[in-house]
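A.B. asks: Pulled these features from TrEMBL for this protein:
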| type | residues | note |
| --- | --- | --- |
| TRANSMEM | 107-130 | transmembrane segment |
| TRANSMEM | 185-205 | transmembrane segment |
| TRANSMEM | 311-328 | transmembrane segment |
| TRANSMEM | 340-358 | transmembrane segment |
| TRANSMEM | 398-418 | transmembrane segment |
| TRANSMEM | 430-453 | transmembrane segment |
| TRANSMEM | 465-483 | transmembrane segment |
| TRANSMEM | 489-507 | transmembrane segment |
| DOMAIN | 553-693 | domain 'STAS' |
Amino acid sequence: MDLFSDHYITRDEQLSSRPSQQFNVVRRVYQQDVLNKDADYQVPDKPLSYRCKKAVKSCGFGECLLNSVPIARWLPRYSAGRDLVGDLVAGATTAVMHIPQGMAYALLAEVPPIVGLYMAFFPVLIYVIFGTSPHVSMGTFAVACLMAGKVVTQYSTHPDYANLLNATANVTTGGVIAAPQYTPLQVLSIVCLSVGFFQVIMWILRLGAVSTLLSEPLVSGFTTAASFQVLSSQLKDLFGVKIRKTGPNYKVVLVNLRQLEPLVSGFTTAASFQVLSSQLKDLFGVKIRKTGPNYKVVLTVIEVVKNLPSLNWAAVIISVITCLIIALNNEVLKPIVSKLSRVPVPVELLAIVVGTLVSRFGSLKEQFGITLVGNIPTGLPVPEVPPVELFPSVALDAFTITMVTYTISMSMALIFASKEKYEIDANQELLALGASNVFGSFFACAPICASLSRSYIQYQAGSKTGMTTVVSACLILCVLLWIGPFFEQLPRCVLASIIVVSLKGMFMQVKELRNLAAGLLASVGTLFCRSQKPYTCLLGRVLDTDLYLDIKRYRAAEEIPGIKIFHYCGGLNFASKNLFRSTLFRKIGYLKPTDTAQEEDNLTKSESFEWDPTIGHRVQCVIIDATALSYVDAPGIRSLVAVQRELATSSITVLLAGANGPVLEMIDRYNSLESEQLQLDTFPTVHDAVVYYKILTSRKDDPALTIVS
């Protein structure tokens with residue numbers, strides 16, 4: 001608004017008046033080094049001491065405590081009237097699910113079922129203190145237990161395996177080979193400790209952002225494939241067969257394949273089949289030779305097929321009935337009950353209770369040879385230090401488990417956080433999982449992970465805060481202290497059935513593999529095409545301004561005689577350096593189409609060029625516009641050196657304009673290390689470079705000539 005009138009300038013009037021407005025800016029022509037000196041340029045230097053002081057100054061002890069121990073933030077604000085009922089119902093519901101799932105999934109880790117209940121008590125209490133998601137249910141997870149079970153099988157003491165090794169040694173060398181003197185619980189504890197150690201290290205290094213690098217389709221592919229392995233691991237229990245362990249065959253191949261496990265979904269597919277095969281013997285009640293950790297899926301299926309004539313039909317019938325009941329509940333009854341009540345029917349718990357009662361009063365083991373769970377001790381275990389000398393052996397597998405469990409847990413936490421509109425601290429979750437696993441390792445626990453099914457039921461049951469986990473842990477404690485021995489008569493085929501039916505959701509994700517493959521190909525193809533076809537053009541000056549635009553897109557932009565301004569958008573590195581060089585030479589005319597190409601097809605014509613030795617008569621200066629140059633490495637700078645020297649042979653001056661600070665710093669570092677240095681005059685803008693070159697040439701021709709920009 002004009003200060004001396006009541007007239008208001010409308011937006012249309014402002015826009016219509018802009019083309020007629022002119023602003024004259026008078027300043028000196030800057031070279032980059034002169035501008036750096038005048039503007040007092042310096043490379044940002046933030047030493048560790050500075051960062052530590054800043055962190056301490058901006059975050060007091062109390063604030064750091066609240067950030068590192070979230071329970072100190074939410075517990076004082078806990079409202080019993082608002083949250084207690086929901087937490088009690090959700091905690092009881094989750095505990096009911098913990099019992100059958102914990103006992104079943106512990107079998108995947110090659111340890112007694114009671115370990116699954118330990119995992120539902122010890123580590124989850126630590127997660128309540130450090131975790132930031134109140135809705136995820138931590139504890140046993142099929143894939144994590146299976147991966148840990150592979151390590152347990154490989155390094156723990158198995159009498160059959162020891163006898164096999166000794167028999168082989170007696171035949172070949174006449175000696176005796178001592179079997180590894182580690183129990184399955186000891187091996188499992190060092191795996192858990194190693195996973196916790198890696199997670200704590202990642203927390204210290206603030207690597208929580210790695211969760212964003214693993215997309216949902218990748219995680220789905222992993223869990224889908226792992227479901228097949230879980231299913232294969234249950235074949236022995238489904239069929240009620242016995243297997244004996246074989247030696248570590250194909251070990252060299254296994255070591256090489258293990259390097260690819262975190263990278264390809266093929267590994268996860270094999271993992272899924274392994275879990276399935278491991279349960280076939282219990283589902284069908286047959287006895288099969290136990291396979292080693294290598295090619296476990298294939299060998300287990302082969303053993304089950306060999307032992308089909310000796311099926312335990314009682315185990316098969318129990319497995320079929322149990323699977324049918326649980327499946328009908330999940331597909332038919334659960335959707336109906338969910339509309340009437342937040343608490344689902346605990347069909348898995350009912351299955352193990354009924355199975356235990358039928359086994360106890362029907363004498364299934366004595367009458368039909370059904371394999372039972374066996375001894376379940378009461379009370380809490382005595383903490384023991386894991387065998388840390390095994391850490392180098394299990395480190396690779398432990399790191400794989402670390403990435404899998406953290407990614408799945410973070411994915412689940414983010415889902416509920418999005419629904420309830422709260423934030424999840426990715427780095428704090430690393431501390432929570434790491435501290436939980438370290439603590440749980442002293443009680444022979446497997447690495448914990450968020451369970452999809454339990455977390456969803458816990459959320460649906462009305463969980464409000466971390467108090468849900470406390471309620472669940474207290475109920476699990478009652479089972480550990482008093483109720484555990486009741487389940488000693490439970491048939492293992494019932495647990496195998498619970499595992500197999502729970503895999504249905506992960507099996508259905510197979511449908512997404514096609515989309516995953518298509519998306520992967522499209523993404524890789526797009527990245528490749530974009531890296532091979534960056535945006536490049538020649539710039540021209542618009543009228544009497546300092547604006548330089550693409551001459552193919554702006555008809556008012558005219559090239560300056562004798563000067564070629566080459567604009568390059570993208571990174572200049574080892575992969576794109578040859579493309580940069582050839583594109584630059586074609587754009588400025590140093591490469592021209594060959595005469596023979598005129599008679600050939602369009603494809604050949606566009607790719608057939610020859611050097612033009614007369615370019616020096618038309619072009620005297622090439623300005624490389626680096627305003628859109630995002631990154632440059634040593635091979636990229638070396639290509640600039642080669643370009644400058646090649647053009648210099650035709651008496652063409654090369655200037656660099658608009659490069660950002662990191663690019664210029666990289667050039668300085670390159671020049672300090674390499675003998676062939678890049679000696680280019682650099683300028684903050686293209687216009688500075690143009691005016692500078694005009695001044696330079698005018699001094700050569702007529703020192704008295706004045707250049708008007």
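Every residue, even glycine, has its Cβ placed from backbone N, Cα and C.
Because TrEMBL annotations are produced automatically, they should be read as predictions rather than curated entries.
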A.B. asks: Mark yes when the transmembrane segment (107-130) and the transmembrane segment (398-418) have three or more Cβ pairs under 8 Å (sequence separation 6 or more) and no when they do not.
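C.D. replies: Checked: the transmembrane segment (398-418) vs the transmembrane segment (107-130), no contact.
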A.B. asks: Determine which residues of the chain contact the transmembrane segment (107-130) at the Cβ level, with the cut-off under 8 Å and only residues 6 or more beyond its ends counted.
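C.D. replies: Contacts of the transmembrane segment (107-130) (Cβ under 8 Å, skipping residues fewer than 6 from its ends): 68-71, 95, 98-99, 101, 138-140, 142, 145-146, 148-149, 152-153, 156, 184-185, 188, 230, 233-234, 237, 275, 278, 373-377, 381, 428, 431-433, 435-437, 439-440, 443-446, 448, 466, 469-470, 472-473, 476-477, 479-480, 484, 487, 492, 495-496, 499.
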A.B. asks: Using DSSP, what is the helix/strand/coil residue split across the domain 'STAS' (553-693)?
C.D. replies: 61 helix, 34 strand, 46 coil
A.B. asks: For the transmembrane segment (430-453), could you work out the same-chain residues 6 or more beyond its ends whose Cβ comes under 8 Å from its Cβ atoms?
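C.D. replies: Contacts with the transmembrane segment (430-453): 68, 97, 101, 106, 109, 111, 115, 118-119, 122-124, 126-127, 129-132, 136-141, 143-145, 148, 185-186, 188-193, 195-200, 202-203, 207-208, 380-381, 383-386, 401-402, 404-406, 408-409, 412-413, 502, 505.
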A.B. asks: Between the stretches 185-205, 340-358, 465-483, 489-507, which one has more Cβ pairs under 8 Å with the transmembrane segment (311-328) than any other?
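C.D. replies: Most contacts with the transmembrane segment (311-328): 489-507.
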